[in-house]
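Before any comments, here is the structure.
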């Protein structure tokens, strides 16, 4: 067996590749490529392997789209391929293609304390289920359970469940968005575009015309306290993040913890800490006490997708994480 395996984290814009030490799980030699510059994922992989002059026979790539069979067609990119054909073309012994939040969930057992910031709750209960979710371009969700010395990731499309308002303000938001877009999923309010939807709905609810703002604009104005509407939108985003996380905790009894990934929350960390997030997480009526001790963590590791891809592959190859 070779010392290293190839790991990757591929989104709509960029493909990030790295080497994983099969024995230790350590990630090294990470490099990001623009997906727009290459005709296929296989082409990017070949360039990476040629640049790093390393022999690799095993690989695991995390991709931001559902993985339901051999044929993979990326949701937000033109790349499409057969896993079996790519494995053959690259001369690999093993090639795993997994959902991006499967990778993030598999990273959790590998994380150290310095990679996490806790938001309330007690200590995690060893062996109990874990949930992970994260807002970015969309809303990713996965669960993780420990079975017979193996970690089993339970991926899905939980970001597309119905948005469930639990206040008068949230109900008005739902009514306005439903009139605009029809079905309103959680992702429609918990993502970069979702933050824009919240802002627009807040302004429209007051019979005013919203500005044409991007997520970055809303966040910057909210943090500068220069726009009341933006601050309300960001505050509501944090509250809905809490409600959604609490729902995940109830679904599977995630006493192993609820983990937040994705690139949005770290951009306004202090605002998030002071927000109504944790109160909303615990706002479960008769089951408030049930979720009270469930810890929530923000993942601040630079590359959980790469770390988790490596963990998934190593476990597939027989290593115990």
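Glycine is treated like the rest: Cβ placed from N, Cα and C.
According to Swiss-Prot, the feature ATP binding site maps to 8, 9, 10, 11, 12, 13, an assignment based on sequence analysis.
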Which of the three DSSP states, helix, strand or coil, fits residue 8 (ATP binding site)? strand
Counting Cβ neighbours within 10 Å across all chains shown, tell me which of the binding-site residues 11, 13 comes out on top. 11
Applying the rule Cβ within 8 Å of the centroid of the Cβ atoms of 8, 9, 10, 11, 12, 13, what extra residues of the same chain belong around the ATP site? 14, 15, 16, 35, 63, 64, 77, 100
Judged by the number of other CB atoms within 10 angstroms, which among 9, 12 is the least packed of the binding-site residues? 12
Please list, in sequence order, the residues in the chain of residue 10 (ATP binding site) that are at least six apart in sequence and whose C-beta is under 8 Å away from its C-beta. 16, 35, 41, 61, 62, 63, 64, 74, 100
Same chain, |i - j| six or more, Cβ under 8 Å of residue 8 (ATP binding site); the result in sequence order is 15, 16, 17, 18, 45, 59, 60, 61, 62, 306, 309
